[in-house]
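According to TrEMBL, the protein has these features:
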- A:41-67: transmembrane segment (TRANSMEM)
- A:87-107: transmembrane segment (TRANSMEM)
- A:119-144: transmembrane segment (TRANSMEM)
- A:164-186: transmembrane segment (TRANSMEM)
- A:226-245: transmembrane segment (TRANSMEM)
- A:265-285: transmembrane segment (TRANSMEM)
- A:306-327: transmembrane segment (TRANSMEM)
- A:347-365: transmembrane segment (TRANSMEM)
- A:372-393: transmembrane segment (TRANSMEM)
- A:413-438: transmembrane segment (TRANSMEM)
Amino acid sequence: MASKERDPLDPVRGRKLLVEGGPSFHDLTEQVCTPVEQPGLAWWLAFLPALGGLSIFGVSLFWLLWRGVGIWGLNNPVDWGWAIVDFVFWVGIGHAGTLISAILFLFRQQWRTAVNRSAEAMTIFAVICALTFPTFHTGRPWVIYWALPLPNQMQMWPNFRSPLLWDVFAVSTYFTVSLLFWYVGLIPDLATMRDRATTKIRRFAYGLFSLGWRGSTRHWQHYEKAYLLLAGLATPLVLSVHTIVSFDFAVSQLPGWHTTIFPPYFVAGAIFSGFAMVLTLLIPIRKWYGLEHIITIKHLENMAKIILLTGSMVGYAYAMEFFIAWYSGNPYESFAFVNRAFGPYAWAYWIMISCNVITPQLVWFKKIRRSPVALFVLSIFVNIGMWFERFVITVTSLSRDFLPSSWDYYSATIWDVGMLVGSFGLFFTLFCLFIRYLPMIALAEIKAVMPAANPHPPGDDH
Amino acid sequence: MPAIFPRWTNKIPLAIGVVAPLVGAFLIFAVWYWWSPLYTDMGYRPKQPVEYSHALHAGDMGIDCRYCHNTVEVSPHAAVPPTQTCMNCHSQVQTESPRLALVRSSYETGESIPWVRVHLLPDYAFFDHRPHVAAGVGCATCHGRVDNMVVVEQAEPMSMGWCLDCHRNPEPNLRPLDQVTNMNWDGSPEQAAYDATKDLERKRMPSPPVHCSGCHR
């Protein structure tokens, strides 16, 4: 009968049990709220290095503001460099959160409840990291509001025909909706935190943000409706944001960028990288915080399957780009792709291929996709590969465009590295603060998918 | 459990709903009005070292603008005249006036009169008087009725939007090329009858730039 490999089944739904070990509602509340109320040493061990990274970010930004973007490795043909690479990388990571929170919600994928809170937090922090790069790449971040179409006495407007402006709208909409979605989902749990709070400050802070939530039926009715509406609003954003990010490239006429495959290819890549980052974050957290019965192996397996699917789509896109470069008969296009694989940046291209095409295929093996350690290592490789994908796209096409006389080799400086490492510092700092002050599991939601929430348990005659 | 927040806090959302739009509207007004060169720059009227009256010289006596600002047609900059230009007349008239003491001493020592500049564009805005004069944009169009000013002041905002208004549609501000320094042109019957596109003296209509690098080079 049930072998050891089998996951335990939910007695009500007959499907795999989402919360293992049969904890009561109270146990669950204790398990999720305790790390927030009594942080352990593990948190500091994560937070201090993150703060260190953040200070690297601060120093890099200070020097950038002091000296200007000349401290980066940008040169004449490659004027986009790491700033856009890092931007696309971070925006892409954000996509998993929205996919989990919106699309999986609409499809009634109940396993999302264990991971959605932290994935949405990851989305918001990733978008914050992403936005710093174009902001500072403008060179004059103090007038970044010029990117918005505000009436002014200069009668100066952004260029509405530029995908960079569409990006401003797409990413800011995305950030706003993600933040609202995350916050609305948090309200019942904030009320739980408020009711458990023992100090005045905590009671005040959680009380303020829980907006007077008492858990009345009317509250729940409004809450469910708002949540559903926000899920509906956020769903198109999963597809639109990275589509528009891909327009930054695809709308230009540079060989290697000007391709119609870019939008779906970018969206698949974004979800691919986003789920990898969710795994990178959650595998250690579930271990350190003892949440292995909530974020179960089954959850990891599901996410690994999405990585396999989207990773295969990305691999297909790589192959299709090459095919079209040959099939189109366009010599510039062919050159751009041969140059990618065998030109001066071949090293980056093959890092990308091995991380993004080969690594996800390992998920076919059940042993690997049910092993947290293997998935953690795999997710790191995917993160690396997806960063290199953006590097390859940006730099190979720019460094060798139509005019050989303007070709140049681009290499980053220590300050480019500082910005990237620093942005990880910012990301992890924000994430550490999140797990320190907010319940990292959507308590109210996960209780609703436990067998105990069913009014008609097995054996009940009604 | 005792309430965390007193009862009156229930009114906060309502108060925010009422106050926030007002604050927002005020902020928009504040930036729109107090941040604009219309407020910050227009009407700038510094005290000059010599109480020179344009109303007397250009208005009552009708001296042409170019008698003093002689480089306006051939140089980007409309020159502020050297003391020697003043002395062309003032070595003969008002030679004892105490109000001209600084002019005389400047003439003797060769030290310039420290005139205070009224119209100052930012360094990143490239402006050249020549094409404007050549296109038949009157002095008064940008500088106002200087012939009525006892003390010169900035008559127009000189904001980027103000420049662009004319660059996008220059025709209403064009006049015959021999009327550029005419202070009475605007509102005259000649202006009403004038059509720049039918002016045979013009070789072509001006096509002022409206792209960024037209002025920010």
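If you go along the chain as it appears here, the first residue is 1 and each next one adds 1.
Placement of Cβ uses the backbone N, Cα and C atoms for every residue, glycine included.
What you are looking at is a predicted structure, and each value in this text was computed from that prediction instead of being measured.
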Paired segments the transmembrane segment (A:413-438) and the transmembrane segment (A:41-67) in contact, 3+ CB pairs under 8 A: yes
Contact between the transmembrane segment (A:119-144) and the transmembrane segment (A:372-393) (at least 3 Cβ pairs under 8 Å, separation 6+): no
Folded-back contacts onto the transmembrane segment (A:164-186), same chain, C-beta under 8 angstroms, at least six residues removed: 91, 94, 97-98, 101-102, 116-117, 120-121, 123-124, 127-128, 130-131, 134, 147-148, 158, 209, 223, 226-227, 230-231, 233-234, 237, 240-241, 244-245, 247-248, 438, 442, 445
Spatial neighbours of the transmembrane segment (A:87-107) far in sequence, C-beta under 8 Å, 6+ residues away: 115-116, 119-124, 126-127, 129-131, 133-134, 137, 171, 174, 178, 181-182, 185, 227-228, 230-232, 234-235, 237-238, 241-242, 245, 248, 266-267, 269-271, 273-275, 277-278, 386-387, 390, 394, 423, 427
Chain residues in Cβ proximity to the transmembrane segment (A:226-245) (below 8 Å; excluding those fewer than six residues from its ends, i.e. six or more beyond): 88, 91-92, 94-95, 98-99, 101-103, 105-106, 163, 166-167, 169-171, 173-174, 177-178, 180-181, 184-185, 263, 266-267, 269-271
Non-local residues, at least 6 beyond the ends, that sit with Cβ under 8 Å of the transmembrane segment (A:265-285): 88-89, 91-97, 99-100, 115, 118-119, 122-123, 126, 238-239, 241-243, 245-246, 291, 295, 300, 303-304, 306-307, 310-311, 313-314, 317, 321, 356, 360, 372-373, 375-376, 378-380, 382-383, 386, 389, 431, 435, 440
